2 protein chains.
Amino acid sequence: MQYPNGKKSSVYTKLKSNQTVYSNRGMSLEDDINDTNQYYLAHNIAIIHKKPTPVQIVHVDYPKRSAAVIKEAYFKQASTTDYNGIYKGKHIDFEAKETKNKHSLPLHNIHQHQIDHMKQIVNHGGICFLLIRFSVSQETFLFPAEELFPYWDQQFNGGRKSIRYETVKKLGYIIPIRFQAKVDYLAVIDKYYMENGGTTNGR
Amino acid sequence: MQYPNGKKSSVYTKLKSNQTVYSNRGMSLEDDINDTNQYYLAHNIAIIHKKPTPVQIVHVDYPKRSAAVIKEAYFKQASTTDYNGIYKGKHIDFEAKETKNKHSLPLHNIHQHQIDHMKQIVNHGGICFLLIRFSVSQETFLFPAEELFPYWDQQFNGGRKSIRYETVKKLGYIIPIRFQAKVDYLAVIDKYYMENGGTTNGR
């Protein structure tokens with residue numbers, strides 16, 4: 001498991017308890033997802049990884065007797081979502097977005113090609129969604145890709161450039177916070193996707 | 001689509017013809033897979049992407065009025081395979097290996113954690129394999145992960161540290177070279193996996 005910020009996993013020290021925690025302030029959504037994915041992996045529940053940050057490498061030095069050093073590189077826009085993998089034989093694909101805004105999720109940090117990718121995944125029978133955290137209230141929602149697309153599209157027809165908190169709450173599913181799986185999104189998938197044959201239509 | 005070597009895609013100039021080509025010398029396996037994946041994507045056949053190269057970023061400069069520049073970074077070992085995605089609702093996961101060796105594929109450039117990852121994917125019902133190219137004969141094989149594991153394991157019990165060409169030929173499936181899909185591995189998956197309910201056991 002990669003911990004890009006150098007933090008060590010806290011998963012293994014937490015396996016002793018089944019306790020539910022109700023507050024988790026201070027950890028980023030990405031940290032929580034990484035811990036959750038590591039928990040899923042360690043317990044053979046699902047195999048889900050974050051993709052590496054895409055980087056355009058321009059110049060590399062190859063010093064004698066030591067590792068190659070990248071001396072010039074640039075961040076590239078991701079062409080897909082950040083997370084994917086497999087759960088109960090199904091392809092899972094999602095993106096995580098955290099906002100400090102209390103009342104809505106701004107759409108400006110989602111990109112058109114990520115939406116295109118999500119449409120393709122849905123079209124091919126994958127389970128695809130956004131994980132949305134409102135950091136002030138510390139609530140995290142699973143928002144199905146199928147529900148996202150109309151809100152994405154309407155911004156180009158004069159509509160809002162964000163999704164209201166109330167909409168996320170109404171069309172999304174709140175994710176239980178557990179001590180072991182901090183953002184236990186598979187619990188939501190079990191309940192709302194798997195029971196309805198892989199769609200949210202049966203809701 | 002990323003073309004790490006700066007080459008432009010040649011897919012679009014090739015869509016006019018259904019012609020089968022029998023020789024493809026000079027293109028790397030990675031280039032051919034990228035072209036093939038782009039063809040699959042453009043024709044809505046499958047959604048399969050190469051993961052970005054994992055890089056440990058140490059130092060970034062943020063110059064005024066221009067893009068952030070990564071000034072120091074190092075290559076990291078991948079913790080998964082390089083390619084994954086979705087095809088006919090199934091999770092697909094694979095690694096590509098090319099060798100100039102005529103008689104065998106050396107195992108030293110596959111890593112233990114990639115094998116661990118492949119075992120997990122198989123265990124969770126994904127379609128998982130190696131694409132192996134013998135560059136001298138320009139033959140490319142799909143070698144199912146299930147067939148790879150015993151050869152991987154036996155090297156630690158005094159066995160060979162490579163897989164013989166004859167073994168690859170016997171237990172793998174040769175991949176047709178097509179003008180549009182240069183390494184048309186989905187043709188093999190259609191024939192050998194999908195008809196047998198997602199396994200190669202029916203062979």
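Backbone N, Cα and C define each Cβ position, glycine as well.
The Cβ of B:D82 (Mg(2+) binding site) lies under 8 Å from the Cβ of B:K50, B:K51, B:F94, B:E95, B:A96, each of these being in the same chain and 6 or more residues away along the sequence. Marked as Mg(2+) binding site by TrEMBL: B:T80, B:D82, B:E95, B:Q114.
In sequence order, B:L29, B:L105, B:N109, B:I110, B:L130, B:L131, B:I132, B:R133 make up the list of same-chain residues 6 or more apart from B:K97 (site 'Transition state stabilizer') whose Cβ falls under 8 Å from its Cβ. TrEMBL lists B:K97 with the feature site 'Transition state stabilizer'.
Over all protein chains present, the Cβ of B:Q114 (Mg(2+) binding site) has 19 other Cβ atoms lying within 10 Å.
In sequence order, the binding-site residues near chain A, meaning those of B:T80, B:D82, B:E95, B:Q114 whose CB lies under 8 Å from a CB of that chain, are B:T80. DSSP assigns B:K97 (site 'Transition state stabilizer') to a strand segment in the three-state reduction. Same-chain residues that are not part of B:T80, B:D82, B:E95, B:Q114 yet have a Cβ within 8 Å of the Cβ center of the Mg(2+) site turn out to be B:K51, B:A78, B:T81, B:Y83, B:D93, B:F94, B:H117, B:M118.
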